[in-house]
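Encoded as structure tokens, the structure appears first; notes follow it.
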Amino acid sequence: MLIKIWPEFSALVAIVMMVNLPDCAGNNPPKMQWCTNLNTSYVTLAAGTGQQDCSASSTFFIQMKEEIPNGVELIRFNVTDLENDAVTMTLTGKGQATYYFSLQSFKSTRSAVLVANSRLDLDSLKVITMPLTIQLDDGNLNVVMANFDLVIITDINDNIPEFQSLPYRWEIPENTDPSSSLVFPITVVDRDMSATVMSIEFKEVSGVAISSVFNFTEVNTTTYCAPRVGYCNGKLSYRIISLVKALDYETNRFYQISVNATDKSSGGTSTHTDVIINVLDKQDTPPFFQGIPYTKTVPENSPNGTFVLKIFAEDGDRGVPNAISYSLDPSSPFSKYFDLNNDTGDLTLSSVTLDRESAEIQAVFGTFDLPVIATEVSSVAQPANISQATTSVRIIVEDKNDFAPRFSSEVYNASVIENTMSGVPVTLSGVMSVADYDSGANGEFNLTVMKDGELYEDFDVSPATVSREATLIVRVRNVTFLDHETVKNVTFQIVARETKTSEKFSSSATVQLQIVDANDNRPVFNQSGGYAFDIPENSPNGTTVGIVSATDADSGLFGFVIYLLDGTDAYKFRINSTTGEIFVNVDADKNLTLLNRETISTIYLTVLGVDGGGFITSTLLEISLTDVNDQTPQFTRSQYSGFVRENSLTFESQVQVQAIDEDLKGNNNSLVMYKIYAGDSGSNFNITASTGILGVQSPLDFENLTSSTINLTVMAYDGGVPSLNSTVLVTVTVLDQNDNSPVCQWAHFNGTVAENATSGTPIIQINATDDDAPGSDNSRIFYRIQSGAADKFAMSGNTGLILVERGADLDVNRYGERYNLTVAVFDMGSPQRSGNCLVAITVIDVNNQRPYFDTLIRRETIPENPTINQPLPISPQYTAKDPDTTANLQYSILYDKMIAREANGQFVDVSKYNYTDLLYISSTNGTLMVKNILDREQAQEIVVPIFVQDLAAQTAVPVQTVTGTLIITLSDLNDEPPVFLPPATNNTYRINVSEGLVPPIEISLTAMAGDSDSSNPPLSYAVQPSSAPFLAKPDTGQLALMAPLDREKQDQLTFYVLANDSVHITTATVYVTVSDVNDVVPTFYQFAPSLNVSEGLSVGSLLTTVQAYDNDTGLFGTVHYRILSGNDGRFFINETTGELRLARTLDRDVAGGSAYSLLIEAFDNPNGTDSQRSSRTMAITVLDINDNAPQFAQDNYTITSLLESMEANQLIRDISATDVDAGINAEMNFSFAAIPGQNAQALNLFQVTTKQSGSAFSAVISTRTSLTRAVGWYNLTLLAIDFGRPTQTGSTNITFFIGDVNDNHPVFVYPNTSSTVLLVNESTNASSTVGQSLIQVQATDADYGNNSVIRFDLTSSGGDHNAFSIDSVTGLINISVSLDFEAKSEYRFHVRARDLGTPPLTSQISLVVQVLNVDEGPPVFPLGSRVQSFSVPENSPPAAVIPGINRTGVYIGSVAKAADPDAGTSSSTVCYFILDKVFDTFYLNKSGDLYTLKTFDRETLSQYTLHIVAVGPSECNSNKYQWRNAPTSSRRRRYLDDTPVAFDASNPIMAQVVVNVADDNDNPPVWSSPKYYGGVNVNDPPGTTVFSFAEFVTDLDAGNNSALTFSITPVLASTSQLTLQLEERGIYANVFALDNRTGVLKTGERTYFQDSMAGSLYFNVTASDSKYSAKASCTIYLLSLDQQLVFTIADVPANVTRYRDAFVNYLSNITGWQVVVDSIVTHKKDDGTADPSKSDVYIHAIDRTDNSIVPAITVQNRIDLLSNQMVVLYRRFGVLYVKLARQQTPTDQTLEILKISLIAVACGLTVLLFFSCISLWTCRRMYRRKLKAATAVAFGPSGHHSSTLKTPGTNMHAFEGSNPIWSNGTDGAQYDNRAYDSDKDSIDNNQINLASPSNRRQMQQQQQPQFEDLEKTMRFAQDNASDGGSNADDRKILDTAVNAGPSMAGTRQRNGSLTGPVDLYNQSATQI
């Protein structure tokens, strides 16, 4: 076997035998055995898919598919070896298999996996089989080859069909014969061997059915052999396209066909391209004009050469277009006015003047058509139907304005009497006329009156608009101007100005007008509003009052004014009739009743001004009598009194004095002020000067007063001059007050006590004093510990001695060494006062605690090799603690108990490694020190036991020692650098990277390093420098290309990879060789962009050489050349040298032969798919030689449009000739030659000149002389001779015909003027104009025959002629419509006379028909429009400019129109005016548009009423409806100011306009007061109305803007007790219900109050509209009838409600309390019946100082006390009487019931007391804490009343929960007394445990702030009952609060927290 398989290795066998290998039987070669793990997706074996025997590898069949992805495992090869040697398998050989596959060998399992390594494409292989050789090596010199020869690659259908010879772009000349051999192949290649059937489909995409144009053969398929490859694979299919019929360029210029090739085989795909066939044009279509129709308006008299427009035509053959020559048709009579450039088509005016007024142009009304001819220029004669086109240009001759209006005279004299009515003409010295002889709009002008360059509106001129000519009158327009007194004369101008012309020609005439005087002025006072004077009352006779003055603008007697007085009191005054000075005429200083201000303060008189003509003017005289101070202020009471407490700055109730001065209110005479006049010797009081409210300026000291009563004298004085005054006595009673607090002897006391002190040991004595009067309760004091005792200390209340409490534990270690006590000192005064001091007690420690470690066993990890003789690197050091302050700890290591372990957990032998000698310890502080090196390799873990003993222990028990254990773990150190692994050599890599890689992409190099250290962190990788185009993955070292490479710029790169283990960094160098890809595009460096080549150049001539370079290498850098397009076979280029030569002869004269555009491409790598290429265009111009003669478009031309009227040198037409040569060879000259045998006279009639336009030449044929009488036919030969060498000649024949003309226009004989004005009355109901004859016109024509026959018609530019008709034969003109002056007052039209000649000639005249107005009545408003309404939003500013005036406003609408009977319907000739004097508020233009001129406020005025009048056109400019004071910018002035035309509702020309101001939500709701108070009786049922908020809030807006909604915030109770009561009943959240719409507040549906409920409920109420909201606060008091008073008022409830607020304010001011009205009801009489004439007002009063309800009886008493002031209230509001709401008079029966009840209660209490004593004795142990605390303090000296009454809550430990420790420890939870039911329980067990260090530290931190600062924040509730006036009831309430304990002294809030004691006057004590 060995000899057969290994014959070539005999030498190797010999070597093996020399080494004395074992016997061959023990060394057998491996053998290929099994093929398994088949990847059936890509691999197929001979006999299935399972495990197969493939030992016969050479015949074993393996079939693989192409296109296997890289890295896919295909098949596993399994090898057997008898010795079970590990076998390595390797893929070997030089075949393709090693490229396409790789083998992954697994030695231990003797198997290998075949893996796809590269893309396998069968279509690119030459063979379908591929041998696979696998080398088997068992490592024992047995190497075997397994050859798989039958590895067959099978094809898959993975190639897309490819079109060949793209792109498919062909050109076919039109009209090509379909029978020609012109065909176009479509070829498709599919490179798949499995491809069988190919489909090629065609589809038209250009919109034409291709089946009727092209033929397509069936698909032919053959085998495809790739060129230059040498083998065939795939299929080639093709179809042929051929023509079915000839193509037409004009029908379709190109055809686009979509071609789709589909591989019909399994898995086949498809591809797509398109075929574009361009149709080449040929000459077969005539020219066509662009931009037609042509229309142009040309002003008359425009200069010669004026450009008119451009004619543009193109050859219909777009593909081979000829040049176009343009000419005018000479037969047109209008051609003479124009010149047409033959080449450019520019139409310009000729030298013949274009005059619109000429008969020729006037006959066609200034509009005619000009014929234009476009002819193709071609050297080849073409029929006219395909080479010539005709169109016309519509010319409109625009009239030019060349006349200005002219007046008949330059100056006119005139006169007019002043006050002449509007519309009356002035008297002129002569006739004024004006005329403008232009026609149409140029002859129309307006007439205006001007003065000083501005429009003058005092006069107007009629008519205002004139056509051609008119006679004028000047009329008065502004009557107010005709005032001789103002203006004596005036000079102005009448200006005639054209309005419809651009020149606006104008002229003017001056009018010098004299105004004749008349007596027309009344006296006018210099103050239009009257006169007002002030004099003191009681002024003496002769006192000057004032002066009035009036003037009269008239002269002479009529201008002289005298003055008179009139009126009831006129006798009291006199006036100087000449000067107007007024004096007092009575002795008012003696008779004070004559001019007494108190009787009448103002006297009204009338002053008359009378002129000499009897005109009288009156004005108002107002004389005001000023006040004189003569009244003394009077106090409303004879004396006043008040009470004030010493040291207080306020009175017990407000003290206010009031005085009244009867002088004039509002001035200083009645202004009353107050001051303290006497009695305030100590300056303790002040008074508010304006209100009389007495105040305390500095507090009083009762002890320093000689009397408790102070009498003050208060003065009231007025502000008059001199000032008057009065005084009143105010008695002030000073109330004594306990105002000195007890004071400790020292603020701080210090004491010490040993921690083992016994109960009762005295510690320190506290002393205090009180500066109040000795012997009184105010100076008697007692002591108590306020806080800080912690149940450790007790205090004698009488002596102040502090001693150790019974059972106290003073252990310093548990509770600390310091106690800070607050000691309170109280006096017995009322209100009670107190002081405090701080006591610091220090407990002296005793050493009796054992030391301890925080952790008995502690583990620490440190690096190996710490520094010797330094502390062990652990933090903190492992030390013990001792609670005793005198502890002296000693440390030692128990070396005999130390152990150590290795890293594997084994114990270390101390004899091999003495770990006991590694450490030592400081005996004093326990610091561990390093003695020798700690080596982790010797011992990784060391256990160190440490013994500690307290040497200062004072007790034998407990033993004060402790042992702790420290376990030390040593960690490894990093001391080895990383090393890069292969393929790195000496940390160096060398790689090749293609420049074609697209970053980012990984490359085939992973720079991986190794590190021998075990505990290091993972290696990290990085690339340096950072600018390198590579990046290393930080965790793996995989390299990636991050930036593109360019071999052409840099073919070698070097960078570095860094491996970092956090301590060491190793660097590897990477050398990169950049491999080339074809990425450089060839670039031309030698290229001629243009060449000139003669058309006579011979074939093969070198034209030029192109050169390009490519920076790539090899084939990628070798450049080749080819022509891509523009070459029709006439040029070729050498592929390698770039030489361009001529391939065929050139002919410049053929289509497209004059120039060529070659697209030349340079490309590299010709057969590669990555070939790079670039191209440039070369323009080749073919130079001409003279080888063609000129050519005319036609062989014969016939001209029949000539007329005998043509003059010499008149253009006939242009005939162009073409020469296909170029340059001078194409230039030519034209001439005429006679035709033999023809009339030679034609040479004398016609001439020809040569015209050149660019490169085009034409013969310009014109008349040589006049053609008059030369009618007939003529023939000439036209020659064209070029300038080439030799010359070439072309010719054509021309036939001329001259015809007769119609040359006489019709002439009008009647009327014989160009313009005539006719006057006609308008139609009326009585007479219609329809059918009326207007005029008959007559005209003649000098021609004969049809040329002299005349017909008439009517024309106009605006359609005015349609209103008339004319008989075309007789010329009679009739009116066809009903003429209406209001609709149209003037008609303008032309009468045209036309002869019947050819062409017809016309003449025309103008007629102006003026319609005269016949007035039938004024305009009237329809009945439904007599009252009109508009709306304008308020707050809308006048922002928009009103058209026609210089004002801004807001447009609100147009008034409903009035109907003018003249017009029959509403007409714009109706004008509108406002009759009211509202020109500053509204503006109404004449058209009826109404505007507002200001911003409106609806709340100020919501509606305006206007009156308007409608007038006809004759009054539109009248000023009788204008206001004189109206701004001229808005309206002209009206004649009268104060007497407007009265509005008459029955007059149909007038209407009423109502302007409503629409509301804007611009006002918020407003509450009448910010605070509201109410009350509800606790006995009221649910649903009781409490408040109606809508009565107290207003919103000035209207409608929805004033609709209010109400809401309230959650209701809160004033006291926590009321809150609990409401919550218990479940009504707290819904105690009230609010109707959001009406604002009515009611009690809730389930709200039942209880008699025990007291206090108030408060909330905020919000009133909101749609935009704004307003808030107020509301307080509702819970009342009983005992707290209410009833005022009975003599008025009904509805009226009382209206003045309720005034009633409340007055009563509140009098009483000093806040009075609240609870309800207003109908009065109930004593018999229970209702009295509807009276009302009962239920009120209650609130003390403003504490918001408490004042008892009704107290209010009643104060009202009685203030009876003098109440008189005013009674009178003002009609109060009949006041009484308590509940009148309770106890009866004898009631007293008996009360006695029985008291006896029963006493018996019950006795029984309850008995059982309570038993219960207290039984529960003594459970309540021992309370009993113990109760005995802690003695309260006051014996013999006094219970100190509890004086010190509420004096014993702070009297009940559970009052101890601060309980409050803090339980967070306010109820304390469970059962927790203390044990004799062993100590009161100290509740103390916070201070044994733990954290608690001790916390206590020490809390003790850091200054103790005295902490104490300043603590106080007890003070009994301030006396502040509000103490009484027996108050004292009982106070005693009850003290005795009740926790139930009243502490209240629980809603959130569960416990507050401190509540004092009765809202001064809550601070919680401790």
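Just so it is clear, glycine is given a Cβ too, placed from its N, Cα and C backbone atoms.
Not measured: the values here are computed from a predicted model.
What TrEMBL records for this protein:
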- 1-26: signal peptide (SIGNAL)
- 56-163: domain 'Cadherin' (DOMAIN)
- 290-407: domain 'Cadherin' (DOMAIN)
- 408-525: domain 'Cadherin' (DOMAIN)
- 527-635: domain 'Cadherin' (DOMAIN)
- 636-744: domain 'Cadherin' (DOMAIN)
- 854-980: domain 'Cadherin' (DOMAIN)
- 985-1084: domain 'Cadherin' (DOMAIN)
- 1085-1192: domain 'Cadherin' (DOMAIN)
- 1194-1308: domain 'Cadherin' (DOMAIN)
- 1312-1421: domain 'Cadherin' (DOMAIN)
- 1424-1567: domain 'Cadherin' (DOMAIN)
- 1568-1695: domain 'Cadherin' (DOMAIN)
- 1796-1819: transmembrane segment (TRANSMEM)
- 1856-1906: region 'Disordered' (REGION)
- 1874-1883: compositional bias 'Basic and acidic residues' (COMPBIAS)
- 1884-1897: compositional bias 'Polar residues' (COMPBIAS)
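Taken residue by residue, the domain 'Cadherin' (636-744) breaks down under DSSP into 3 helix, 49 strand, 57 coil. Of the recorded ranges 527-635, 1085-1192, 1194-1308, 1424-1567, the domain 'Cadherin' (290-407) has the largest number of C-beta contacts under 8 angstroms with 1194-1308. Simply put, out of 408-525, 527-635, 1194-1308, 408-525 has the most Cβ pairs sitting under 8 Å from the domain 'Cadherin' (1424-1567). When each of 636-744, 1085-1192, 1312-1421 is scored by its Cβ pairs under 8 Å to the domain 'Cadherin' (408-525), the top-ranked stretch turns out to be 1312-1421.
For the domain 'Cadherin' (985-1084), the mean pLDDT of the prediction comes to 88. For the domain 'Cadherin' (985-1084), the DSSP counts in helix, strand and coil order read 0 helix, 49 strand, 51 coil.
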